[in-house]
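Scroll down for the structure; my scribbles are underneath it.
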Amino acid sequence: MSVYGLQRLYIAGAHADATSGKTFDTFDPATGELLARVQQASADDVDRAVASAREGQREWAAMTAMQRSRILRRAVELLRERNNALAELEMRDTGKPIAETRAVDIVTGADVIEYYAGLATAIEGLQVPLRPESFVYTRREPLGVCAGIGAWNYPIQIACWKSAPALAAGNAMIFKPSEVTPLSALKLAEIYTEAGVPAGVFNVVQGDGSVGALLSAHPGIAKVSFTGGVETGKKVMSLAGASSLKEVTMELGGKSPLIVFDDADLDRAADIAVTANFFSAGQVCTNGTRVFVQQAVKDAFVERVLARVARIRAGKPSDPDTNFGPLASAAQLDKVLGYIDSGKAEGAKLLAGGARLVNDHFASGQYVAPTVFGDCRDDMRIVREEIFGPVMSILSFETEDEAIARANATDYGLAAGVVTENLSRAHRAIHRLEAGICWINTWGESPAEMPVGGYKQSGVGRENGITTLEHYTRIKSVQVELGRYQPVF
């Protein structure tokens, strides 16, 4: 018997049975308990979702921007009213501590919907005079039906981040959550419907990567926004382009550098480094997992980091005092433990953690101790590859130029940060770092107003911020001639 029973698709404003005959299970990563059996969408179900999205989108786009704004604001109110219940669901599905899901996951998703609800009325075109009797004007029109494909680390937040600009601009969205954390997107769909979003404007189809491939290749979809790993992102982008030259937004992986200079406030730097590696058990795409520390302060910095790691409270996610939970799946647990073994084998110095937590209530969950490696080299796998778990690699450097060169020596370019009291150095270093999201003397906050996205193989396009709306609209140019037409022949 599962906790939440059978979960279906959400199409045309209501829960709907899948036609594939297939299901998959989702488990509580802290206890191993079966949470739900989930129906997997078929190709026919995706077609049905696209058809209902087209119909709903026409009604949604015909509304005034102010009407759409009011409906989205009502959805925000409902999300905030139900924050605690949604946070508990997210806690069970992801394994995150309840203190975290209550304060972050739903809150930041609602903030982004509120932000774009406020911008819906600001979508406008231009008027360009050509001659006294002729001018051009432009219209920003919605793309139509968009697809969102989410990751398992921030299920409801990602669903909000992808749907908010799409809906504000007059589009419909078909959202596929990760099969690892499939539950909260259905609650968001219910909230949108209750708020007044027309049937079909936000549909949810469940399933594994094969369902994501169906969405990416579907000719009736105009844009795909994907969050996940680099290799999967490349496949999604290839399918999207080969099928119908879709617009794409890709928020992919990272191996982000955090540079601590010798003039830094070391207590602050240690606080930042621990947050940048162990928040959400290290399952954050922007984590600063390559920690470069100037040689003169390395020992003092390491001492402070280890003191803070010792204070991390791993435990039951439902305990309000817990601030460190399990990994989201058994597959991720095996992957992270494999990287830890690799770090040991390649000669990194294990300073903390380095093993699975198995005592007492940890035995049935997917917990890995917060792990810190010192004396790391740039050629180690734990330094080069994205782990997506609670593993910090500390490296030393001598000069600013050296730190920048080594920080940039990666195929990734999602995030970067510096800790220094020297304002000139801070900006100089940030301007040289090849990353799309950067922080000075802080780490990790991604407010609605801040564009989020990467350089190099960390992504294409941006989420959040004003400019994202441009990527959910297309420009129509119209020339108007008020005077006599001048024939060519």
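Sequential numbering from 1, following the chain as shown.
Every residue gets a Cβ built from N, Cα and C, even glycine.
Database features, via Swiss-Prot:
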type: ACT_SITE; residues: Lys162; note: active site, charge relay system
type: ACT_SITE; residues: Glu251; note: active site, proton acceptor
type: ACT_SITE; residues: Cys285; note: active site, nucleophile
type: ACT_SITE; residues: Glu463; note: active site, charge relay system
type: BINDING; residues: Thr26, Asp93, Val180; note: K(+) 1 binding site
type: BINDING; residues: Gly150, Ala151, Trp152, Lys176, Pro177, Ser178, Glu179, Gly229, Val230, Glu231, Thr232, Gly253, Cys285, Glu386; note: NAD(+) binding site
type: BINDING; residues: Leu245, Lys456, Gly459; note: K(+) 2 binding site
type: MOD_RES; residues: Cys285; note: cysteine sulfenic acid (-SOH)
type: SITE; residues: Glu247; note: site 'Seems to be a necessary countercharge to the potassium cations'
What recorded positions in the list Thr26, Leu245, Cys285, Gly459 lie within 10 angstroms of Gly150 (NAD(+) binding site), counting C-alpha atoms?
none
Return the count of C-beta atoms lying within 10 angstroms of the C-beta of Thr232 (NAD(+) binding site), excluding that atom itself.
19
Spatially closest candidate among Thr26, Asp93, Leu245, Glu251, the listed recorded positions, to Glu179 (NAD(+) binding site) (Cα to Cα):
Thr26
Have a look around Gly150 (NAD(+) binding site) and count the other CB atoms within 10 A of its CB, chains all included.
26
Once DSSP output is merged into helix, strand and coil, Glu247 (site 'Seems to be a necessary countercharge to the potassium cations') belongs to strand
Cα-to-Cα gap, the residue listed as 'active site, nucleophile' vs Glu251 (active site, proton acceptor), nearest whole Å
9
Within 10 angstroms of the C-beta of the residue listed as 'active site, nucleophile', the count of other C-beta atoms across all shown chains comes to 25
Which recorded positions (Asp93, Trp152, Pro177, Glu247, Glu251) fall within 10 Å of Glu463 (active site, charge relay system) by Cα distance?
Glu251
Of the binding-site residues listed here (Val230, Leu245, Lys456), which is spatially closest to Thr26 (K(+) 1 binding site) when Cα positions are compared?
Val230
